[in-house]
Amino acid sequence: MRVPLSWLQDLVQLNETVEILAEGLSMAGFEVEAIDDLASHAQGVVVGLVKDHQPHPNADKLSVCQVDVGSGEGLQIVCGAPNVRIGIHVPVAMVGATLPAVGIKIKASELRGVPSQGMICSLAELGLESNGNGIAILEEIAENVPDLGQPVGPLLGLDDTVLELAITANRPDGMSMVGIAREVAALTGASLQLPQLDMAPIHKSFEPDSTSSASMLKGGLYGLTALENVDGELTSPAWLKQRLERSGCKSVNGVVDITNLVMLEQGQPLHAFDIDALEMITGQTVSAESFGLRQARNNELFNGLDGHQLQLNENCQIVTCHDIPIALAGVMGSAESGVSAKTRRVWLESAMFTPTAVRTTCRAVGLRTDASSRFEKGLPVEMTLASARRAVTLMEEHLGIKSNGCWVYGESPKSAEPVKLRREAIHRLLGPIGVENDNRYLEDDIIETSLLALGCELSPYNEGWLVIVPPSRRRDLSREVDLIEEVSRLVGFDRFEANLPDPLEPGGLTTAQTAERLLRQMLCGAGLQEVTTLSLVGADSDEPQRIAISNPLLAETSHLRTNLWEEHLRICQRNLQSSQPGCWLYEIGNVYTVTDELINQRAVLGGVICAERSFERWSTSGKIKSMTYHQARGQLSQVFQGLKLDINDRPLKDNHSLHPGRSAELFVEGKLLGDFGQLHPALSERLDLPEATYLFALDLQCIIQAATRSNRWNPTFRPFPTVPAMELDLAVIVSKECSCSDLIQAIRKAGKPLLEHVELIDRFEGGQLDPYSCSQAFRLRYRSKDRTLSEDKVNPIHEKVRQALVKQFSAELRS
């Protein structure tokens, strides 16, 4: 945002130097990226009169001019401009002058054998917009030309200073001169002299078609003002052109210049359509009801005002007239409908478009404009009609244009709700300020002065104030903490004291934090790498329950995520496309769901085990050996064993992202922990991922609670065994529906008190087994506390285990 100080001075009284003003704005959040002193562009450039003009003896395209600069002695200057002639006043750069716009220092030189003592300048060489290729002729720029030898800077508007500000996304009010003026007034206490606006101009209603109606209501408001007695050939007054040029806008014609001026002044983009051009394009009479707002069709063509033809798609929102595209909504108008020298009637559009729609359109066509940069940040709907009325007033005053009515479709802006601002909350969050070696809390009058400077309305109550923020000024002040931040910003962050806890106490990790760190170590030890992904995702028609955020910067980051695995699979895709053999990763992060209209935030451990982990394949004779379900599940078992957790697996039936026959619900202490399983074949095919891709999503809080039980977490002494153990294998044929965890649980129960450990060592399907059965083999370790076991002591218990499996699971014994 370019802020000319001469324009700012007309809106607010400036008593500070440029440097102090720039520092104050930067400290308040409007970073000043550069200070452009326009006078430096014309330092050493004076008014000259061409007294003589002769062809160069040694060059066809050069001429030798005798120029009078009021010093008594004429200057001989070699010039290459085609429009130089006798009797014109021109800007002359004297020897020693520097032209920053082109990086030239003027020296006395000799061009093709002819001495030259200066340079006759074009507007471009002085850093100004120029429509021609020749030198600047001062008679064509101003009616009254200064005396010879006088500085040319004031005549060309090069007597100003421009601040270049970086405006953040949360401060759209900073994209207007009025917004910056209010900020300066709030910081310095200076008085404002703002243009008077009609905040509720008289208007009529119109009814668009149903599709346009929904889109216009989503934006908030769509207004059209009919203008007559327009002369498209009229140019803007010199002061208006200078303001636009200093602000970085090019002058086009009177109508367009005033719409741009109002955009820079008030922050509300406007657009003018030539009514006669619209009727020629559509072949029909154009009224307010003729306008529409819809999504573009794929491959629909659009000719922009910048001269480029764009191929649109369904992501682009367009303004139409009788369903023919005439503008990219909030971005740019069409070349066919723009104001030209032949324009006599105009529809002035003043509308609100949603930031998401404008941002999506810009990304779809690869184009950003001054208008779109404002719509993307979000604008107050209260200023839409007021800005249009401001533009009409300027056109009536300077161009003789007449208004023939205003038509509006949309809902009336709602009145602002008061925000409670508690005195205690201010003191608690900000702390005391240092005043003459004495720390004290902010006094009420300082707080009230800061809020009144923002234009707020205050109503005191026993705990503080009820604050109403005018929506036309600031849309980001909707909470108590927002107001507290504004108070601290205006008072000065550097004035608040640093308050440390007294006394300072040593820090430390809680048991839960220590357990989480141990969990991360175990996961890394199992070969998984930790990642961190963004918690914001795009909308998904398959997941309508995703929570939308109120003011997204991008359509791709407009909602809160409901799971971790979607982004994890994208990471796997990128790694495999980069020739990585596999991708094993995990993340501890939050997911967000809605229950009974309440937003729930839940910490989740999620991860992916995808394909191989290492490059070398010597152990498999160079062949790719896909990881099986049980091998992948075993990697997770290592982690749980490190936390001393016993996990039970049960068949999973209702997760459409996982393979229906190779997935399980995991339970710890009888509580559901989460899901583990192979990626569904349809998903793996669509995402071009290998079949051997396994996902897990587990409740972090459940893991931490189970791992930190005192019987697991607190270390206990257990002596090393002093007697040998006896190991026996047990193989049974059971139904495929029978889970390993159920079998192990039954074995442990039946094997007491001598059974020390049991583990699955083999699982087999196929061969001579029927298609509904499988063989599972377990290794059981028996040990007594005080003596060596003999077979006659172990066999009865082992037989008890065998019979328990036969009775509970109809198992067929194989060993």
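Note: Cβ is positioned from N, Cα and C throughout, glycine not excepted.
Per Swiss-Prot, the features are as follows:
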type	residues	note
BINDING	Asp476, Asp482, Glu485, Glu486	Mg(2+) binding site
DOMAIN	39-153	domain 'tRNA-binding'
DOMAIN	414-498	domain 'B5'
DOMAIN	721-814	domain 'FDX-ACB'
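Feature map: Swiss-Prot annotations on the structure.
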residue: Asp476; record: Mg(2+) binding site; Cβ neighbours (10 Å): 17
residue: Asp482; record: Mg(2+) binding site; Cβ neighbours (10 Å): 16
residue: Glu485; record: Mg(2+) binding site; Cβ neighbours (10 Å): 17
residue: Glu486; record: Mg(2+) binding site; Cβ neighbours (10 Å): 23
Query: Once the DSSP letters are reduced so that anything not helix or strand counts as coil, what is Glu486 (Mg(2+) binding site)?
result: helix
Message: Could you give me three numbers for the domain 'FDX-ACB' (721-814), the DSSP helix, strand and coil residue counts?
response: 30 helix, 32 strand, 32 coil
Cβ within 8 Å of the mean position of the Cβ atoms of Asp476, Asp482, Glu485, Glu486: remaining residues of the chain near Mg(2+): Arg474, Leu477, Arg479, Val481, Leu483, Ile484, Arg489
- line: DSSP says Asp476 (Mg(2+) binding site), in three-state terms, is coil
Query: Going by DSSP, how much of the domain 'tRNA-binding' (39-153) is helix, how much is strand and how much is coil, in residues?
result: 10 helix, 40 strand, 65 coil
